[in-house]
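As written in TrEMBL, here are the features:
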- 1-19: signal peptide (SIGNAL)
- 158-207: domain 'LRRCT' (DOMAIN)
- 210-252: repeat 'EAR' (REPEAT)
- 256-298: repeat 'EAR' (REPEAT)
- 302-349: repeat 'EAR' (REPEAT)
- 351-394: repeat 'EAR' (REPEAT)
- 396-439: repeat 'EAR' (REPEAT)
- 441-483: repeat 'EAR' (REPEAT)
- 487-532: repeat 'EAR' (REPEAT)
């Protein structure tokens, strides 16, 4: 007879007011009986039902193959329930429903390989639980939820797989007011035979992240910047072929990004936003026709041209950055022409005007503002020499040093982690590099193959320090900084859809969700959503 059939014979039947007695005063074949208990072994000739006042029940070497929901509803008075040396392998949700008085549950030396997370639900009087010597490789999270009266738990003798699935158990053991016999790990090999209570939960890496495609924004783009205006996150795209700076915001009805406003900017290479109270400025750096500053005086108005920016100095801008100097906002625009010069523009009255020319004749391709040793610094990458580091001194930028062993660097971006300043250097030919500031200069830390790269962008998204290495010839690679090693480790490739000549990345948090924008020169801008995955669930 199958296990379900046995349980039906065991538990169907008599009313609450009736007392059970063995037929003709004898105990059924295969069972030992007393007034309040029954012990059944083998494949006994079971009575039609047990008494609802039964206090203990032991099933040893029976033919039970599984424990289904509500298996013991007809014996609600049980205080002790024991299963030993049975062949069942599964315990389903609510298998012990109705046993609110049960204090002792021993499920030992069986063939159990799986137990449902709600199998023990409702056992509010349980003090002693043993799942010893079964085939359990893991236990479901929240298995012991609601079992507030536990004083003894025995999990020994199970072949536990000590991976992320056991993490919750390691975190639960110190919090429970009970003695717990945990047993040892069966795998992985490095942890085999180690006692569970000797494992350190902090060594488990059980959180993963994933960037999955969310939305496409038509038209190619060279740059993307995130900013907040009037308490709402926004994104601005530099779209040279469309001839505009396109501002996007979140559509709460459609749950996607939509256009809010655009400003005319033919041949634009960078759209750099600046918010000062109710005022919004956007610097539009353009290859031809001169760079411009646009302004929005208030939230109910539209952006309008405010001024032309250094028309004799900015002949072929390639990048623009925002920085604060002596409490005032400034822009630095890297110029890639022989006749022009990289220019610092600072606020003076209603507009922004040249404060200093830097690095003339060097055809700069990128500017990066950063802080080192508590002072503003500026890093310029150039087609003609190694990146040069300037520091703010006496109201102007002075050359401090260059970066050794860093020829052919197209762009630089920095990030901070654990008190250190790191630098990501993009190289189109050769390996891109990661460097760390040692107090006097940047030292090489790591090299990453990067054929056809124009962007190596660090981004802090939630708790993760990422760096994305774009490529014109292959999939763009996402790396994550491993705090223990202080190195970037591969995380995933971006796509599908694949990015076509990516040039810039930016992230934004909107409506509790995190998004990554990827601006592409030869394809549409792609938006990815950042997901956190709990591998211990």
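Numbers run from 1 along the shown chain.
Backbone N, Cα and C atoms are what each Cβ position is placed from, and that goes for glycine too.
Just so it is clear, the model here is predicted, and its values are computed rather than measured.
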Query: Between the stretches 302-349, 396-439, 487-532, which wins on the count of C-beta pairs under 8 angstroms to the repeat 'EAR' (210-252)?
result: 487-532
Task: Determine which residues of the chain contact the repeat 'EAR' (441-483) at the Cβ level, with the cut-off under 8 Å and only residues 6 or more beyond its ends counted.
output: 209, 211, 389, 401, 403-405, 410-411, 413-415, 417-418, 422-435, 489-495, 498-499, 501-507, 514, 516, 518, 521, 530, 532
Field: Residue numbers, six or more beyond the limits of the repeat 'EAR' (256-298), whose CB comes under 8 Å of its CB atoms
entry: 214-215, 217, 222-223, 225, 227-230, 234-240, 243-250, 304-311, 314, 316-322, 329, 331, 333, 351-352, 515, 527
Field: Averaged pLDDT score, the repeat 'EAR' (256-298)
entry: 96
